[in-house]
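K.L.:
Structure below; questions to follow.
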């Protein structure tokens with residue numbers, strides 16, 4: 001694994017939690033600027049969710065929810081990853097996603113589920129966030 005020391009290696013990619021709270025779009029831009037090819041994290045199987053959840057529980061300071069790279073760009077429940085990978089796996093918290101009040105189009109890991117399950121949230125909300133990079 002070529003990941004820097006405080007990054008989590010998984011399936012050839014590296015993941016890191018950033019505690020600084022940002023709106024979803026600012027978080028995605030931060031990941032992209034960190035290094036070419038970086039994005040907010042995408043998930044493709046349950047095992048990844050569990051490994052990430054454990055990593056975040058160990059390293060995340062504070063109770064903030066955590067942005068990941070999934071969003072409903074078209075606002076019609078057609079969820080897309082910012083790294084353009086296939087949306088082949090979803091693990092929503094109960095009764096989610098709900099586009100609550102027609103305003104929630106970005107996806108966060110829910111702290112009350114141990115960061116295992118997802119909720120759609122207002123994109124302007126300030127959250128911690130998870131970047132995914134290749135090194």
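Every residue, even glycine, has its Cβ placed from backbone N, Cα and C.
Relevant sequence annotations retrieved from Swiss-Prot are reproduced here:
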DISULFID  3-14  disulfide bond
DOMAIN    10-132  domain 'C-type lectin'
DISULFID  31-131  disulfide bond
DISULFID  38-133  disulfide bond
BINDING   96, 98, 104, 119, 120  Ca(2+) binding site
DISULFID  106-123  disulfide bond
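Tell me about the setting of these features in this model.
P.N.:
All protein chains shown were included, and the count of other CB atoms within 10 Å of the CB of residue 3 (disulfide bond) stands at 17.
Secondary structure at residue 131 (disulfide bond), taken from DSSP and collapsed to helix, strand or coil, is strand. With a 10 A radius on its CB, residue 131 (disulfide bond) counts 24 other CB atoms from all the protein chains.
For residue 38 (disulfide bond), applying a Cβ distance below 8 Å and a minimum sequence separation of six or more within one chain yields 31, 32, 131, 132, 133, 134.
Under the three-state DSSP scheme, residue 96 (Ca(2+) binding site) falls in the coil class. Taking a C-beta cut-off of under 8 Å and a sequence gap of six or more, residue 96 (Ca(2+) binding site) has these contacts in its own chain: 117, 118, 119, 120.
DSSP assigns residue 106 (disulfide bond) to a strand. Under a cutoff of 8 A between CB atoms, and with a sequence separation of 6+ in the same chain, the neighbours of residue 106 (disulfide bond) are 24, 67, 70, 71, 72, 120, 121, 122, 123, 125.
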K.L.:
CB neighbours of residue 133 (disulfide bond) within 10 A?
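P.N.:
The answer is 20 other Cβ atoms.
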K.L.:
Within a 10 Å radius around the Cβ, which one of these disulfide-bonded residues has the most neighbouring Cβ atoms: 14, 31, 123?
P.N.:
31
